[in-house]
Amino acid sequence: MIDRYKHQQLRIGSVSPQQISAWANKILPNGEIVGEVTKPYTFHYKTNKPEKDGLFCERIFGPIKSGICACGNYRVIRNEKEDQKFCEQCGVEFVDSRIRRYQMGYIKLACPVTHVWYLKRLPSYIANLLDKPLKELEGLVYCDFSFARPIAKKPTFLRLRGSFEYEIQSWKYSIPLFFTTQCFDTFRNREISTGAGAIREQLADLDLRIIIDYSSVEWKELGEEGPTGNEWEDRKVGRRKDFLVRRVELAKHFIRTNIEPEWMVLCLLPVLPPELRPIIQIDGGKLMSSDINELYRRVIYRNNTLIDLLTTSRSTPGELVMCQEKLVQEAVDTLLDNGIRGQPMRDGHNKVYKSFSDVIEGKEGRFRETMLGKRVDYSGRSVIVVGPSLSLHRCGLPREIAIELFQIFVIRGLIRQHLASNIGVAKSKIREKEPIVWEILHEVMQGHPVLLNRAPTLHRLGIQAFQPILVEGRAICLHPLVCKGFNADFDGDQMAVHVPLSLEAQAEARLLMFSHMNLLSPAIGDPISVPTQDMLIGLYVLTSGNRRGICANRYNPCNRRNYQNKRIDGNNDKYTKEPLFSNSYDALGAYRQKRIHLDSPLWLRWQLDQRAITSREAPIEVHYESLGTYHEIYEHYLIVRNIKKEILCIYIRTTVGHISLYREIEEAIQGFCQACSDGI
């Protein structure tokens, strides 16, 4: 379907029997209308040609070979319209064979059949509209019971036999025995109603606007009553109100889309185009057929049997007719959704048949696999792992993936540099993984961005561009700051990588899709490249330090895991001495030499504003030295004074983790200021 803006769209919904026949019917030059599939056959076993009026009939679905009819006559296919488009002998149209991908047929059902999606799927649309229990409707559809038609002021057979109580099954074994096929059909059409035809009659009698009005009034009355105090009654009222809301919404949808409720009961069953349910010949002359063909054959067999019972046989009991109608209903249910009513239908090898629902639903269905998630060239997929050393706009590609994605560019580079005479020699060098191959691949990747995509792509940041670099292993390395935009984490998530080929695509990737160009959320404008999950845990571990504090370290020296090499002696009554460093380089050097740990407390000489320490806080300890200088030890800093009480230097109590974080932030700020001063 194409809307007024020329956008291709797909709409799934109910259609009228007239629309189904319009999809399939074709008028031949002799006035014959073709489109109905009446035979359950596919190909003739001798000629291997499609059977006439069968599931692969060329008159209904078009020729197998373009411009060649079933007789073997050939005619050139032209664009201009001509009067004679059909073969006079076989009635096959001279068109392109691709018509068999979209030309449909139909099966004219001998009795109405409910669409199992609208009956059995929850919520049941038919049960909602009719306001009846689903179990009751199922019994009516599958001919387990019936109900009497209201016939006023007329003598009826049911009145002669007494009161006919609703849902009593005695009629099933007594009434049909008194009638032949035609008489029972007349009796049933006049006095009782059963099967899908009864559902269709009730749906056709519905007035959707009256349903909306009555449901709205009932909902208001239930709301005005208020809670009763009985929990069970209140829940019952709540469920009823929810049901009324769903019923009103469903009725409004039918009115808005111009769909009639009785269309949920089928009189014509559409037949899919042959190319969507093919029969393929494999090695050894064996044939492989789609399961849908077998399910269609089952429907046609049972439908033809019912037609014979209704037209040719005049002495068939009415009970047998109803049993055959039930079989037709079950065959259509299996075709549409195998197993929805319990045990699924299986073939001779105990394999479950794939119904129409199985073909289109799920991850491997028609929509998600071939329409929404098509496999494309120049793409790959792998697990993502964290790359903490990467820049924000870079990603790490495994060598195995990179050499496949950029293979044509590497081949071109080898030929241009006269390292390979042709494509075959270049491919052999790539297979042998010669060192020159990796050098050329590195040059190619420097000027070629890639696109990373994580499904489901729910917003614009679900696919971003990166500058690839080669990494070891088989996983894609990703900067942790871009995880929030992808809604990704490193617990086994997979991402797809695509190579933009055209200049327009590469320009779009560089100017609009690079990760460092998408730092804000397109929805609310908040920063989206923020630390999450692993980064937050790492920052916490980096800056957590020693929770015991300076007092606990001095007066509770039980835990000496990190400070065994700094004890003054082996006496457990003495505290761990915290080292002093004149600058951050010495502290980091001691950490690299494993003389201290990441969370080891230490004293670092610092240029601290003296006004910040002129408080009334009393020192925890004061250490005096022989030359008159002394150390005032506070909880977070240490002051060294001379004999005149002048401040010589100040130390702050910190850890190597705090120092590393501060240096990274300081370098980032300096780089930003330098970039601003240079006008970048």
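Glycine residues also receive a Cβ, built from the backbone N, Cα and C atoms like all the rest.
Listed features, source Swiss-Prot:
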- Cys69, Cys71, Cys87, Cys90: Zn(2+) binding site (BINDING)
- Asp489, Asp491, Asp493: Mg(2+) binding site (BINDING)
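Here the features listed in Swiss-Prot are painted onto the structure.
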residue: Cys69; record: Zn(2+) binding site; DSSP class: coil
residue: Cys87; record: Zn(2+) binding site; DSSP class: coil
residue: Asp489; record: Mg(2+) binding site; DSSP class: coil
By Cα-Cα distance, the member of binding-site residues Asp489, Asp491, Asp493 nearest Cys69 (Zn(2+) binding site): Asp493
Separation of alpha carbons, Cys71 (Zn(2+) binding site) and Asp491 (Mg(2+) binding site) (Å): 62
List of residues, in chain order, with Cβ under 8 A from that of Asp489 (Mg(2+) binding site) and at least 6 apart: Cys483, Gln533, Asp534
Same-chain residues at least 6 apart in sequence whose Cβ lies under 8 Å from Cys87 (Zn(2+) binding site): Cys69, Ala70, Cys71, Asn73, Glu93, Phe94
Inter-residue C-alpha distance, Cys90 (Zn(2+) binding site) and Asp493 (Mg(2+) binding site) (nearest angstrom): 58
Around the Cβ of Cys69 (Zn(2+) binding site), the count of other Cβ atoms that are within 10 Å: 22
Other same-chain residues whose Cβ falls within 8 Å of the Cβ centroid of Cys69, Cys71, Cys87, Cys90, the recorded Zn(2+) site, in sequence order: Ala70, Gly72, Asn73, Glu88, Gln89, Gly91, Val92
Asp493 (Mg(2+) binding site): tally of other CB atoms within 10 A of its CB: 16
Sparsest-packed among the binding-site residues, when each Cβ's other Cβ atoms within 10 Å are tallied, from Cys71, Cys90, Asp491: Asp491
Additional residues surrounding Mg(2+), by Cβ distance to the Asp489, Asp491, Asp493 centre under 8 Å: Ile384, Ala488, Phe490, Gly492
